[in-house]
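Reading through the structure tokens given below for one structure.
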Amino acid sequence: MFSSKSGAVKLAFISVLGLVVLKVVVAIITGSISILAQTVDSFLDLFAVVITFFAIGMAAKPADEEHPFGHGKVENISAVVQAVLIFTAGGLVIYSAVNRIISGASIELTEVGIGIMVLSIVVSILLSRHLLKVSRATDSLALEAIGHNIAADVYSAAGVLAGLVAIRLTGLGILDPIMALAVALIIIRSAYKVMRKSFGGLIDVTLPE
């Protein structure tokens with residue numbers, strides 16, 4: 001059911017939407033800027049999934065008089081849009097984290113945040129593996145972009161989880177915005193990788209590693 005391009009995108013939409021809702025609620029009740037960073041990243045993942053759904057449908061259309069080589073480049077364009085969104089997320093996280101460091105606000109109910117981050121990591125690992133598997137089977141750059149994006153969420157979520165555990169044990173609230181900054185760097189690195197590969201596909205060249 002979820003082994004096709006469209007099926008994999010639908011699975012991604014359902015999974016990411018669930019994570020977005022949970023993270024929004026937890027970010028509000030805990031006041032954690034690092035969880036907020038994760039929420040922003042997941043929301044952009046959700047938007048990227050929607051874009052990819054339409055891009056895959058367009059790319060599957062056969063060649064016609066106006067598009068003699070088909071519509072395959074639409075997936076590359078979709079991946080570029082995703083990269084721009086990821087860059088935007090990184091900038092927003094950095095801005096919010098710096099403000100939190102300046103204001104020195106604390107977070108509450110760290111146990112709840114820890115639980116949600118564990119759940120997020122498990123879901124993201126399973127989802128990214130499936131998306132990358134389907135992307136290889138279908139040769140879909142757009143699915144690969146989403147897969148790598150969600151895989152990057154695993155590392156950032158693990159960092160946030162470690163920060164929340166440290167805060168719970170030490171009471172050092174400043175660790176929260178510091179971890180948020182780390183998440184931002186991971187987000188921006190992910191955007192660079194997707195952008196680089198997508199541009200290579202648009203101009204029909206293989207970029208060196």
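Just so it is clear, glycine is given a Cβ too, placed from its N, Cα and C backbone atoms.
Look at TrEMBL and you will find 10-202 tagged as domain 'Cation efflux protein transmembrane'.
Residues or ranges marked as transmembrane segment by TrEMBL: 12-36 (among others). Tertiary neighbourhood of the transmembrane segment (12-36): same-chain residues 42-43, 45-46, 49-50, 53, 96-97, 100, 105-110, 112-113, 116-117, 119-120, 123-124, 127, 131, 146, 150, 159-160, 163-164, 176-177, 179-180, 183, selected by CB-CB distance under 8 Å and a gap of 6+ residues from either end.
According to TrEMBL, the transmembrane segment annotation covers 43-60 (among others).
Nonlocal intrachain contacts for the transmembrane segment (80-98), taken as residues 6+ away from its ends with a CB within less than 8 angstroms of a stretch CB, comprise 33-34, 36-37, 40-41, 44, 47-48, 51-52, 142, 145-146, 149, 177-178, 180-181, 183-185, 187-188, 190-192, 194-195, 198-199, 202. Among the features that TrEMBL reports, transmembrane segment is placed at 80-98 (among others).
Per TrEMBL, the feature transmembrane segment maps to 110-132 (among others). If one looks beyond the transmembrane segment (110-132) by at least 6 residues along the same chain, the residues whose Cβ comes under 8 Å of a Cβ in the stretch are 2, 8, 11-12, 15-16, 18-19, 22-23, 26, 29-30, 32, 35, 38, 42, 143-144, 146-148, 150-151, 153-154, 157-158, 160-161, 164-165, 167-168.
Summarising the annotation, TrEMBL assigns transmembrane segment to 165-188 (among others).
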